[in-house]
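For reference, TrEMBL has these:
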- 1-24: signal peptide (SIGNAL)
- 79-159: domain 'Cadherin' (DOMAIN)
- 160-268: domain 'Cadherin' (DOMAIN)
- 269-383: domain 'Cadherin' (DOMAIN)
- 384-488: domain 'Cadherin' (DOMAIN)
- 488-605: domain 'Cadherin' (DOMAIN)
- 615-636: transmembrane segment (TRANSMEM)
Amino acid sequence: MRITSTSCICPVLVCLCFVQRCYGAAHHGSIKVTRNQTKHVEGETEVHHRPKRGWVWNQFFVLEEHMGPDPQYVGKLHSNSDKGDGSVKYILTGEGAGTIFIIDDTTGDIHSTKSLDREQKTHYVLHAQAIDRRTNKPLEPESEFIIKVQDINDNAPKFTDGPYIVTVPEMSEMGTSVLQVTATDADDPTYGNSARVVYSILQGQPYFSVDPKTGVIRTALHNMDREAREHYSVVIQAKDMAGQVGGLSGSTTVNITLTDVNDNPPRFPQKHYQLYVPESAQVGTAVGKIKANDADTGSNADMKYTIINGDGSGVFSISTDKETREGIIFLKKPLNYEKKKSYTLNIEGANTHLDFRFSHLGPFKDVTMLKVIVGDVDEPPLFTVPSYVMEVYENAKIGTAVGTVTAQDPDTANSLVRYFIDHNTEDNRYFTIDASTGTIKTAKIFDREETPWYNITVAASEIDDPGLVSHVPVGVRILDINDNPPELAREYDVVVCENTKPGQVIQTITATDKDNSANGARFHFSLDEELSLNPNFTLRDNEDNTASILTRRRRYSRTSQDIYYLPVLISDGGVPPLSSSSTLTIRVCACERDGRVRTCHAEAFLSSAGLSTGALIAILLCVVILLAIVVLFITLRRSKKEPLIISEEDVRENVVTYDDEGGGEEDTEAFDITALRNPSAAEELKYRRDVRPEVKHVPRHHPSSSLDSINVQEFIKQRLAEADLDPSVPPYDSLQTYAYEGHRSETGSISSLDSATTHSDQDYNYLGDWGPEFKKLAELYGEIESERTT
């Protein structure tokens, strides 16, 4: 296939067209492509357009954003096989074929039916082919070509990151870079000037400038002061077509803020200040404030206040409040209007963060003078000392003077003072005070050993103004006198061993005294001199407030005397000296060879037999267990002898019990039970109830007609008469029981109680005639009878 152009309008294109035609002549049946021309309109001459690109063999160009009413002409396809008779048919395939691009299949003219946007798609790849209209056979191989969308300036530059917020330090040098802005243009940067952007500043002059090519914003003035103006709004424009007329433009806003630097020193608004402070102000409290102004912000405005000189530097102090940047003045010492009425302070305020680039603007500190005027306040009376300590002896009489407190009015009026005791802290009222002189006296008799110290509060107020009251603490110490005799420090348990040697120390005793050391530190121990010499024990004063008890005998015997009493006399060294007598109890005990006490009191006798306390406890426990077993055995014996039946009417009635166990229903040798069931049989067997009868064989009697006439009542009466007349019965009432069933049934009883000594007399064959209900019973007795027969 050959692609050619129908016209060339420049020398270069003429050469290219020549080459194309030569190439087409060498290849018979090729297609030539005509482009970059407008279609002929009847009556008009052909108008050629100047191409904007170099010649490319397989490319067409079409302008974007075509808005005309007719389809835009793109180019023409022509085959050398086309004789103009319409036998050749042109076919167009590929991107946009049939939708965007259409072809006249007879002439080969290509048109664009839609408006194209280069920014969405820059080119289209299509395929062209010429076929025989009659045979539909290709006349030439398929050829590929490209239709490029030719750019026009239809997109304005855009700032994708705007608006911008940026800061720059104040007082910066001119030309300091602030920010670089960049605008983008969607047009083709390789074609013309549609995407060539230049920058300019629309708003923000003369403070800032912008580089037209790079978009870098810079400061345009020297020493821009934040305190004069802090915020700037700069508008930057970007225009394509290299800024020429007709180019499209876009703009953005850059908000620039000047940041602070320490270029302003602090300044006090006034050079002289005056502060009023009442003399009643409390030490440690804030009495005033002062502030120096600084036009800077943040850390550049931080400052520190100091008192550099003045007569009040020792009375006042100053500190800095970091939040408000104020100087807080505190009182270090109490004020007294009567002594000093004013003070002068020189206060300095200085920045703490300095920038040496701006040191020429300094100094970055300022000084002011503060005069403090002390205000006169009507004050309460003032005691001469902050606290008092007084002393009084115990047992002193009521009304004894303890001491005197003194207070004066510090004001110039020097009013009279009245004294009184604050009874809120001294409820029992042990003391009184003279309202005029301040003399404190006792109101009760004191005992040092009970309470050695008292704390009271004395108040003083002006007579003219009772509301002004001051207080002072007073401590009263109760002095000791020797009014308590010494006594043993504790109760002593003194033990002496039986094998003790003479002169052996068996106990060391000490004494105590409720009085203090001045009246009882030295104690003297001795035996009562009024008593005769003790032959058993003696006492030795160790002269260190202790005494030792010593033995005077070689051996002590528990059997002769187990306890001794030793009176001891104790005296103190007070004035006057006091003494007391105490008695020590000394026990005699058995001891081991090393002196350890083994036992005392009654246990010593058992110990000599070799029995310990544990053994004694075991013996006692065994005795208790044996006694419990004996008591339990006696109780069980008594419970067995109690009668089984106790009459509620007469306790003398007795039931004779026979402890003879029978052999059951089959045992008829020991006792014939028929006598209990049949009165006629009982008539023949008359035995004593309290004597065991002889064993006899009693044949079984069948019931006869004579038994039918027996009356049970008569039978009982007869037996009662026999019992009453029997001389062999016991001399007290006895209980006799008779069991009587009545007359026999005509059918007879199936019980074995009426049976005699054998079972062969009974025939159980009649059970089989009683029906199916007794079948099992008949079979059972039938088997028994057969076994007995066998």
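Just so it is clear, glycine is given a Cβ too, placed from its N, Cα and C backbone atoms.
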Local confidence of the prediction over the domain 'Cadherin' (384-488), expressed as mean pLDDT: 88
The domain 'Cadherin' (160-268), counted residue by residue under DSSP: helix, strand, coil: 3 helix, 45 strand, 61 coil
Secondary structure tally of the domain 'Cadherin' (79-159) (DSSP, helix then strand then coil): 0 helix, 36 strand, 45 coil
